[in-house]
Amino acid sequence: MSALQAVVTLLLCGQLLAVETGSEAAAGSCPKAPEIANGHVEYSVRYQCDKYYKLRAGNGVYTFNNKQWINKDIGLQLPECEEDVSCPEPPKIKNGYVEYSVRYQCKTYYKLRTCGDGVYTFNSKKQWINKNVGQQLPECEAVCGKPKHPVDQTQRIIGGSLDAKGSLPWQAKMVSHHNLISGATLINERWLLTTAKNLYLGHTSDKKAKDITPTLRLYVGKNQLVEVEKVVLHPDHSKVDIGLIKLREKVPVNDKVMPICLPSKDYVAVDRVGYVSGWGRNENFNFTGHLKYVMLPVADQDKCVKHYEGNNAPKNKTATSPVGVQPILNENTFCVGLSKYQEDTCYGDAGSAFVVHDQEDDTWYAAGILSFDKSCAVAEYGVYVKVTSILDWVRKTIANN
């Protein structure tokens, strides 16, 4: 019977009598049980596994019924023995004792949130204790800014490169009222950043956030539709073009879906390069349906302001915006120029992140969120909301919601 041996048992009015017969067992090999008043005899066998093996399913007891051996859990199916990987009792030592411990580990693309190491020891009070956090159980949170296939930084969304490998897994696509497409950026398993203008696409300015929410469709990864629970607009969104989107459920993090890290320092410096992705219009002003990305440099802010002279420029500026639309330019924004191939972002890319790679910790961070996506290689600069300027509001909003 391989790892199985059988035990013949007689069930007598609820009392179990067993006769071990080694590897063979049959009801006929036992002496006939005496009859009793108001009761009857049932014959059964119990399969047991060899040492270091255990039953995969069922309790191993089979009753003979209608000329068939039946198990109450798995019916006519014979039991199987599998290797028992549970720990045996360790040997004792003189002048010492055994201490049991376990280690909690997170799945791929997740990490321990708590400061402990995940190791818990079973103490004399029958409690599992971690030396750092006591009885508090560890929590696993999503890894951010660590794509499995990062962008090839030697390559160079007007033009741009196709993101076929999921190199920017924080990029989401938002479809608003009247099927207007824009971008959003995943910052944890349940929250995304986008622009306030994106949230108002197809709506009048008097619309409330709760009325906007049901009109949004949001896609992450390979066109995975996720349900929006609510949107939160920045309290000063006319000057800080930002909003937050909360999902109804956490998204599973994998090689196609991963949040971008929020920065702990300012990565905005002139000529520093970063990457922007999106589903915006291409050089023919058509929506391609393919996620593309482009490498762009941070630009000089004074030159950018001069380029877009108008309502937001100093009083001595007189020229008008080259694209006929005035971007928001203030202490909360920064400008990004064209690539050396004259590539740029365009309509539909707003809400996407300007991400930079920190070589010290090999992690990608969101330095900015694209606000002004109408340059389309006609103007020289795109305009981004600086993420460090909104960090306090983002963290407070998430904590309160």
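Backbone N, Cα and C atoms are what each Cβ position is placed from, and that goes for glycine too.
Here's what Swiss-Prot has on this protein:
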type     : residues  : note
SIGNAL   : 1-18      : signal peptide
DISULFID : C49-C81   : disulfide bond
DOMAIN   : 85-142    : domain 'Sushi 2'
DISULFID : C106-C140 : disulfide bond
DOMAIN   : 157-399   : domain 'Peptidase S1'
CARBOHYD : N286      : N-linked glycosylation site
DISULFID : C304-C335 : disulfide bond
REGION   : 313-318   : region 'Interaction with CD163'
CARBOHYD : N316      : N-linked glycosylation site
DISULFID : C346-C376 : disulfide bond
10 Å Cα neighbourhood of C346 (disulfide bond): matching disulfide-bonded residues from C49, C140, C304: none
Protein Cβ atoms within 10 Å of C304 (disulfide bond), excluding its own: 22
Fewest other Cβ within 10 angstroms of its own Cβ, chosen from the disulfide-bonded residues C81, C106, C335, C346: C106
Three-state secondary structure, C140 (disulfide bond) (per DSSP): strand
Whole-number Å value for how far C81 (disulfide bond) lies from C140 (disulfide bond) (Cα to Cα): 34
By Cα-Cα distance, the member of disulfide-bonded residues C106, C304, C335 nearest C81 (disulfide bond): C106
Greatest C-beta neighbour count within 10 angstroms, which of the disulfide-bonded residues C49, C140: C49
Cα separation, C335 (disulfide bond) to C106 (disulfide bond) (Å, whole number): 39
Per DSSP, three-state class assigned to C304 (disulfide bond): helix
C-alpha spacing of C49 (disulfide bond) relative to C304 (disulfide bond), in angstrom: 77
Distance, C49 (disulfide bond) to C335 (disulfide bond) (CA atoms, angstrom): 71
